[in-house]
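Residues or ranges marked as substrate binding site in Swiss-Prot: ASN9, TRP10, LYS11, GLY172, SER212, GLY233, GLY234. Look at Swiss-Prot and you will find HIS94 tagged as active site, electrophile, backed by sequence analysis. As annotated by Swiss-Prot, active site, proton acceptor applies to GLU166, with the evidence given as sequence analysis.
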Amino acid sequence: MRTAIIAGNWKMNKTVKEAVELVKELKPLVKDAKCDVVVCPTYVCLPAVLEEVKGSNIKVGAQNMHFEESGAYTGEIAPKMLEELGVHYVIIGHSERRQYFNETDETVNKKVKKAFEHNLIPIVCCGESLEEREGNITEKVLEGQIKVGLKELSKEQVEKLVIAYEPIWAIGTGKTATDEQANETIGYIRTVVKDMYGENVADKVRIQYGGSVKPGTIKAQMAKEEIDGALVGGASLKAEDFAAIINY
């Protein structure tokens, strides 16, 4: 049985003070959650948020990292810096990183490998654009992203990582994939993992849905067999809304 995982990607929102307030408000609301709870604030908020969640059931993730240990990469953060802070998870390959910052399946793969070297659990994002879905090449696109993004890993590593399926056309647009579409596509992603690493591994991998997840949509989504959680954007910025999703 896979334990559900619900993660909030705060993107470029919340000052340090606001981030601490949000977590403070969230803690009592989700203390009895039956799923794993993760918040992913900006880098500058990580130390304060990590301090605030101590002793609670909330884990902390970063929104990105570089694949090099150190060096002349102005504005970037190395995995060992996150590890030293006590960060648990790291989002890798989010569609916004792919769209605006030239993230590729190859850099995703380098980051995934490096995350494991530093005891970070990657939340690996994949997803298709509206054009790709309408062109009926969703499966081809996802297969390419997974086969490159997750190549050359050990079975133990693959079992630990989290995959987030985020149909790009449903992010921040208010559009969502139907529950059937999401379930079917996530099932396909699991098949790709099975082809690469075997059925036992594929059965253990947790795959989230991330596309305009709201308190009103989560229950039906989580009732689907293949969906193991959610990567939540805008709705994770309000404690009440995020708690409603976590306590689905």
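Each residue's number is its place along the chain shown, starting with 1.
Note that Cβ sites are derived from N, Cα and C of the backbone, with glycine treated the same way.
Least packed by the Cβ count within 10 Å, out of the recorded positions LYS11, HIS94, is LYS11.
Taken residue by residue with DSSP, the residue listed as 'active site, proton acceptor' is part of neither helix nor strand, so it is coil. DSSP classifies ASN9 (substrate binding site) as strand under the three-state reduction. Long-range neighbours of ASN9 (substrate binding site) (same chain, six or more residues apart, CB within less than 8 Å of its CB): CYS40, GLN63, ILE91, HIS94, GLY210, LEU231, VAL232, GLY233, SER236. Cα of GLY234 (substrate binding site) to Cα of GLU166 (active site, proton acceptor): a span of 14 Å. Note: the CA-CA distance between TRP10 (substrate binding site) and the residue listed as 'active site, proton acceptor' rounds to 15 Å. For the pair GLU166 (active site, proton acceptor) and SER212 (substrate binding site), the C-alpha distance works out to 9 angstrom. DSSP gives GLY234 (substrate binding site) a helix state.
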